[in-house]
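Peer 1: Input: one structure, supplied below.
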Ligand SMILES: Cc1cc2nc3c(=O)[nH]c(=O)nc-3n(C[C@H](O)[C@H](O)[C@H](O)COP(=O)(O)O)c2cc1C
Ligand SMILES: CC(C)CC(=O)C(=O)O
């Protein structure tokens, strides 16, 4: 049993002692303060999406088309938000989605380490991006007892891919998340306007520059020729994988293999047949392709096709109620991107922990008030479609 909702009492007791809350209590508040904290170009990178950002807005809007129906006489005094997947038991279904450039969003430039520390403090797992300011071994060292996952951007160099995965295994990560929807970046007008994207990426290559296979392919060490290093990285970064590559991907690790970016049920069935351990239903927060469906709208089909495989969901989650709605539509776990980036930007580890605890408290209290005490109680029948 967990009592995430108790976070509200901590805040009220602080208030009684005259302590004013450090951090805003809503997504809009986190966003507004993060915007004021980050440089304009980093802000536009974080906040922006593909095209005119229609899909990005649709991700958020989809949640307001679903509403939870309250149940009474349930006596949901105790709730249980714990979830078991990939042989792990987690205290809650919340996860931190992989975010490249996370390091740069912290005041001290080490946001990947901060997120790992927040994972240790909350039990909310971090899926560490391939693109990070600090190498994965240092990130993993901060996880404490909370399991961590490594997100792989599969490079064209297969030996490099194998090396990154082997390092993740050795560092103690508990699963590999392979992102399929970003072997090339989508059309991102905000980044094109600032022309800042290449510089940002250049700061986030620690996993590559610390890799023996990557280093061996360079004419000069990265410390001596950073420009050539970035050029080499750009050449190997993205591999447009096909189904023929799935057996090879599967062979890279004995850890749970989760594929990120699946939104079509047929793709889910093929991935399942190809031996993956988990499906990650996401449209990359609307950052890659515009004009698509909200991820929440495809979730039920994906869950059905995934059958017994766990489904991690992300894109557009902005509150604890959104977490509950995604769970009711069948997600096994719910990941967030921008909300925790904002928390990190406004208050480092403390700000990030505040965002995670706020989302968990809101979800927990909603389940209490509306009479859905466990995740098993949250079925599609708990929701109605409105508007
Ligand atoms: C600034 C930023 C960087 C991201 N970097 C990565 C990444 O390195 N790897 C990845 O798989 N997804 C990346 N994503 C996508 C997230 O993992 C996630 O799918 C998305 O943020 C979820 O949508 P949300 O921001 O609406 O919560 C990034 C998202 C943002 C906002
Ligand atoms: C394209 C990458 C460099 C990072 C990413 O996934 C993103 O910005 O959405």
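Positions of Cβ are set from backbone N, Cα and C atoms, glycine also.
From TrEMBL, for reference:
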type     : residues                                                           : note
ACT_SITE : 284                                                                : active site, proton acceptor
BINDING  : 45, 153, 188, 260, 284, 287                                        : glyoxylate binding site
BINDING  : 98, 99, 100, 129, 151, 179, 282, 314, 315, 316, 317, 318, 337, 338 : FMN binding site
DOMAIN   : 19-387                                                             : domain 'FMN hydroxy acid dehydrogenase'
Peer 1: Which recorded positions are spatial neighbours of residue 337 (FMN binding site) here, meaning Cα within 10 Å, out of 45, 153, 188, 260, 284?
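Peer 2: Final answer, ordered: 284.
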Peer 1: What subset of the recorded positions 45, 188, 260, 284, 287 lies within 10 angstroms of residue 151 (FMN binding site), using C-alpha positions?
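Peer 2: Those near residue 151 (FMN binding site) - Cα within 10 Å - are 260, in sequence order.
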Peer 1: Just to be sure I understand: of 45, 100, 153, 317, which binding-site residues have a C-alpha no more than 10 angstroms from the C-alpha of residue 284 (active site, proton acceptor)?
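Peer 2: Cα filter at 10 Å returns nothing.
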Peer 1: For the FMN site made of 98, 99, 100, 129, 151, 179, 282, 314, 315, 316, 317, 318, 337, 338, how many Å separate the two farthest Cα atoms?
Peer 2: 22
Peer 1: If you count CB neighbours within 10 Å, which one among the binding-site residues 188, 260, 287 has the smallest count?
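Peer 2: Checked 188, 260, 287; of these binding-site residues, fewest Cβ neighbours within 10 Å: 188.
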Peer 1: Between residue 260 (glyoxylate binding site) and residue 282 (FMN binding site), what is the CA-CA distance rounded to a whole number of Å?
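Peer 2: Cα to Cα, residue 260 (glyoxylate binding site) and residue 282 (FMN binding site) are separated by 7 Å.
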Peer 1: Can you go through the binding-site residues 45, 98, 151, 260, 282, 337 and pick out those with a C-beta less than 6 angstroms from ligand 2?
Peer 2: none
Peer 1: Have a look at the binding-site residues 282, 315, 317 and say which one has the shortest Cα distance to residue 45 (glyoxylate binding site).
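Peer 2: Smallest Cα separation from residue 45 (glyoxylate binding site) among 282, 315, 317: 315.
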Peer 1: Note the mean pLDDT of the domain 'FMN hydroxy acid dehydrogenase' (19-387), expressed as a whole number.
Peer 2: 97
Peer 1: Distance check, please: Cα of residue 153 (glyoxylate binding site) against Cα of residue 100 (FMN binding site), rounded to an integer number of angstrom.
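Peer 2: Each residue's Cα considered, residue 153 (glyoxylate binding site) and residue 100 (FMN binding site) end up 10 Å apart.
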